[in-house]
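Copied over from TrEMBL, here are the features:
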- B:23-284: domain 'NADH:quinone oxidoreductase/Mrp antiporter transmembrane' (DOMAIN)
- B:290-344: domain 'NADH dehydrogenase subunit 2 C-terminal' (DOMAIN)
- B:66-84: transmembrane segment (TRANSMEM)
- B:96-115: transmembrane segment (TRANSMEM)
- B:151-170: transmembrane segment (TRANSMEM)
- B:201-221: transmembrane segment (TRANSMEM)
- B:281-305: transmembrane segment (TRANSMEM)
- B:325-346: transmembrane segment (TRANSMEM)
Amino acid sequence: MIPIYMSIALAFTISLLGMLTYRSHLMTSLLCLEGMMMSLFMMMTLIATNTHSPLINIMPIILLVFAACEAAVGLALLISISNTYGLDYIQNLSLLQC
Amino acid sequence: MNPLAQLIIHTTVIMGTLITMLSSHWFLAWTGLEMNMLAFIPILIKKTNLRSTEATTKYFLMQSTAAMILMMGIISNTLLSGHWMMTNYASQLPSLMMTIAIAMKLGMTPFHFWVPEVTQGTPLTSGLLLLTWQKLAPISIMYQIHMSINTHILLTLSTLSIMVGSWGGLNQTQLRKILGYSSITHTGWTMMTLTYNPTITILYLIVYIILTTTMFLTLNLNSNTTTLMLSHTWNKSTHLTPPMTFTLLSLGGLPPLTGFLPKWITIQELTMNDNFLVPSIMITMTLLNLYFYMRLIYAISLTLFPTTNNTKMTWQFENTKPMLLISPLIITSTLLLPISPMILAIH
């Protein structure tokens with residue numbers, strides 16, 4: 001396996017673990033989501049560079065568009081939670097427990 | 001919601017699913033899933049109260065993580081195979097990542113924790129879309145790659161889903177949570193035969209969508225969200241009592257009703273492939289599922305809960321909720337078993 005793909009996959013894995021194991025803030029999860037998206041962007045850019053076909057070059061940009069949209073939606077939800085509770089602590093989201 | 005905004009949002013949800021279902025390029029399938037998820041969030045948060053916001057946040061976090069893992073699987077698949085087509089022969093690591101990502105999107109165990117909570121926190125019609133329409137796109141992706149999915153992993157996920165869905169629904173009185181756990185169980189049944197005969201997966205999905213739509217629409221007529229509200233059905237809208245009981249029995253999978261058909265075909269397909277332990281576990285666990293449906297039927301028809309209403313029957317007002325599809329859905333969800341020779345002829 002080519003080392004650069006391995007290192008970016010490692011970055012993805014670390015961001016994924018950071019998304020799944022958060023301590024107190026919701027913002028951490030959103031940041032790790034963005035981290036995952038960025039590592040995927042880098043991998044896709046490498047694929048687009050190494051595949052010498054002009055049609056694939058648009059793919060990283062489309063991925064970036066969806067990253068931005070998801071970040072916006074995530075932040076809007078964070079603000080909506082922060083409006084009622086004042087903070088973005090995860091332990092506040094416990095209304096719907098069984 | 002503003003009708004124009006509602007039109008755009010619902011159209012985007014439908015378009016997202018259609019893009020995923022009709023694509024053969026991995027990137028386009030992923031784009032459809034993303035469009036679907038992003039446009040579904042406003043539907044979940046239609047009524048701005050605290051529970052809706054919490055449910056929407058949990059849904060968003062789960063689905064976006066799943067989309068990222070799916071994209072990682074797609075990129076790994078591209079690196080290992082050199083092309084972007086959704087074929088039936090992906091390598092092992094990408095196939096595993098895609099299976100896990102789609103299991104997260106569908107709400108299969110061990111990624112099921114969001115389903116009851118999100119179904120509970122949203123209005124009944126949003127919950128309906130969540131449990132029926134949102135399953136179409138991920139299952140269509142699984143259908144296209146079904147030959148490269150590891151059977152053992154899928155059987156494990158499905159069996160655990162059935163167990164968790166049945167045991168989890170036992171302690172609930174909130175109807176949306178019960179329907180959430182029911183969705184987990186039925187998704188387990190749906191994905192069981194994917195690697196053996198994916199046509200049965202589609203059959204189970206169609207019957208499940210019909211049954212769940214019937215349940216949600218009849219619950220929506222009186223805005224029933226708890227068992228206590230269900231117990232007033234004999235009083236408020238007596239005509240709903242038999243259809244609701246029969247639909248619940250059909251969901252549980254009892255023989256002369258439609259819900260038995262996909263379960264029967266699933267068990268037949270599994271035993272034809274010399275797999276006897278797994279269907280036994282499945283059937284035994286689904287009995288628990290039937291138990292909590294029976295408890296709802298008990299509340300609807302067999303007992304009278306304590307109520308403050310003194311009259312035997314209330315004045316029957318005209319119903320203002322949409323009753324358009326309920327009659328054909330009730331008929332389809334209870335009387336469709338005689339078409340089984342047509343299904344068996346597919347073999």
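Cβ coordinates come from backbone N, Cα and C, glycine included.
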Over the domain 'NADH dehydrogenase subunit 2 C-terminal' (B:290-344), what is the model's average pLDDT? 85
Give the nonlocal contacts of the transmembrane segment (B:325-346) in its own chain as ranges (CB under 8 Å, at least six residues past its ends). 199, 203, 207, 210-211, 213-214, 217-218, 221, 243, 246-247, 250, 255-261, 264-265
Taking DSSP states H, G and I as helix and E and B as strand, how many residues of the domain 'NADH dehydrogenase subunit 2 C-terminal' (B:290-344) are helix, strand and coil? 31 helix, 0 strand, 24 coil
